[in-house]
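Remarks on the structure that follows.
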Amino acid sequence: VHLTDAEKAAISGLWGKVBABAAGAZALGRLLVVYPWTZRFFZHFGBLSSASAVMGNAQVKAHGKKVIHAFADGLKHLDBLKGTFASLSZLHCBKLHVBPZBFRLLGBMIVIVLAHHLGKDFTPSAZAAFZKVVAGVASALAHKYH
């Protein structure tokens, strides 16, 4: 991912304002509600029968926290996303057989949640920078599939 110094500074500054645990829980919850076929990977999480059940599910929240912390780790290694996500790419490809399109969809949910949480601070320029990052992360996670 090619980011300017200004974009990197914006990402770093805005990320510091984000409650990562809440954002991760909300992003994964939204993914499961908006794209219900993604639930197939989480059937063992218990009740996913409605939007409120998904959004209140403790296991969804815990996994969302895990996901967003991996994303945050990627923010520290923007120049080596493929290396940063290599083991997760292998896991999701070889063992979990996740559709690589789901990574892009999750990235969309992360951007939506950031817009919601950051409000007016999430300017169009900031969104453009984060869109580059989530696309880069999705590509890195899908790398093993190629």
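Note: Cβ is positioned from N, Cα and C throughout, glycine not excepted.
Annotated features in Swiss-Prot:
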BINDING   HIS63, HIS92  heme b binding site
DOMAIN    2-146  domain 'Globin'
MOD_RES   VAL1  N-acetylvaline
MOD_RES   LYS82  N6-acetyllysine
MOD_RES   CYS93  S-nitrosocysteine
MOD_RES   LYS144  N6-acetyllysine
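On the structure: features taken from Swiss-Prot.
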residue: VAL1; record: N-acetylvaline; Cβ neighbours (10 Å): 18
residue: HIS63; record: heme b binding site; Cβ neighbours (10 Å): 19
residue: LYS82; record: N6-acetyllysine; Cβ neighbours (10 Å): 15
residue: CYS93; record: S-nitrosocysteine; Cβ neighbours (10 Å): 17
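According to DSSP, the residue listed as 'N-acetylvaline' is assigned to coil rather than to any helix or strand. With respect to their backbone Cα atoms, VAL1 (N-acetylvaline) and HIS63 (heme b binding site) stand 26 Å from each other.
Distance between Cα atoms for LYS82 (N6-acetyllysine) and the residue listed as 'S-nitrosocysteine': 14 Å, as a whole number. Recorded residues HIS63 (heme b binding site) and the residue listed as 'S-nitrosocysteine' have their alpha carbons 18 Å apart, per Cα-Cα distance.
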